[in-house]
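In what follows, a structure is listed as structure tokens, so that the remarks can point back to it.
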Amino acid sequence: MKKGNHTLIFEFLFQGFSSFHEQHLTLFVVFLALYILTLAGNVIIVTIIRIDRHLHTPMYFFLCTLSTSETVYTLVIVPRMLSSLVGMSQPISLAGCATQMFFFVTFGITNCFLLTAMGYDRYVAICNPLRYTIIMNKKACAQLVWGACSIGLVVAMTQVTSVFRLPFCGTKVAHFFCDIRPVMKLSCINTNINEILTVIISVLVLVAPMGLVFISYVLIISTILKIASAEGRKKAFATCASHLTVVIVHYGCASIAYLKPKSENTRDQDQLISVTYTVITPLLNPVVYTLRNREVKDALYRAMGRKHS
């Protein structure tokens, strides 16, 4: 259907992993296994934190919220990606594409700021331990989570509205989900203003949280180094190691995807980066916190003990 010089587009098709056609079945098996592990890992983390009173602390409240957010984040993208790998790809309506982009941006940005809140929590725990319970009270924790979610919602509404005001001429999204730049490339008109808006938003929601986490860890490390006993220093570092590992991978992948020049990578490279932050990173959270965190491991043993008793 045409309107003026533009064809009205009502649906999109994902090109997905078309350049890896012969490896589709292998990719399906690998991604399905990773997805099942991600869902199982995050469900276990949330369940253990909720049922074990030893984990009813601000640190694990944030971790529980992050695991919940990342579970929804993967549900928005991965099932459709898996179906496309086994030849069940269906067109997605404009409304469906906008909805997917909205939830992807909302939860992606919420996760960034939840990691920042977790960094602040570790800063207070190590640098101001005597006032920790006063500063990180239930109200403060709820406000930090609400702030992270609110920023995600506001940015998502702004971003999605700006993208879907564009007239579209193309129908084939060179990606496996409705990411911002691949959808904008289908526009009939110049998208420089949208590109500038995307860069500004990316800087604000990635560089600002990364800066806050960096400042937190500079103060944390300087405090830890002042601890007299080697055992005390080791214990303090151990409480931060899991969070720092997740932060480096999460912000690293997101920065490569959204802060690089738009023409720097090929489509296959872009998809590889996207797989990392949509499939691998959400799995990293439960794996790191389960394997590297003694309190979570102890809680799992207690839960299994109760189950077998």
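Cβ coordinates come from backbone N, Cα and C, glycine included.
Where the annotation comes from TrEMBL, it is an automatic prediction and has not been curated.
Straight from TrEMBL, the features:
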type     : residues : note
DOMAIN   : 41-289   : domain 'G-protein coupled receptors family 1 profile'
TRANSMEM : 25-48    : transmembrane segment
TRANSMEM : 60-82    : transmembrane segment
TRANSMEM : 102-120  : transmembrane segment
TRANSMEM : 140-158  : transmembrane segment
TRANSMEM : 196-225  : transmembrane segment
TRANSMEM : 237-259  : transmembrane segment
TRANSMEM : 271-291  : transmembrane segment
Sort out the residues at least 6 away from either end of the transmembrane segment (25-48), same chain, that have Cβ-Cβ distances under 8 Å to it, and list them.
17, 55, 63-64, 67-68, 70-71, 74, 78, 81-82, 85-86, 275, 279-280, 282-283, 285-287, 289-290, 296, 299-300, 303
Residues of the same chain, at least six outside the transmembrane segment (271-291), with any C-beta under 8 angstroms of its C-beta?
17, 31, 34-35, 37-38, 41-42, 44-45, 63, 66-67, 70-71, 73-74, 77-78, 81, 108, 175-177, 179, 242, 245-246, 249-250, 253-254, 256-257, 265, 297, 300
Reported mean pLDDT - the domain 'G-protein coupled receptors family 1 profile' (41-289)
85
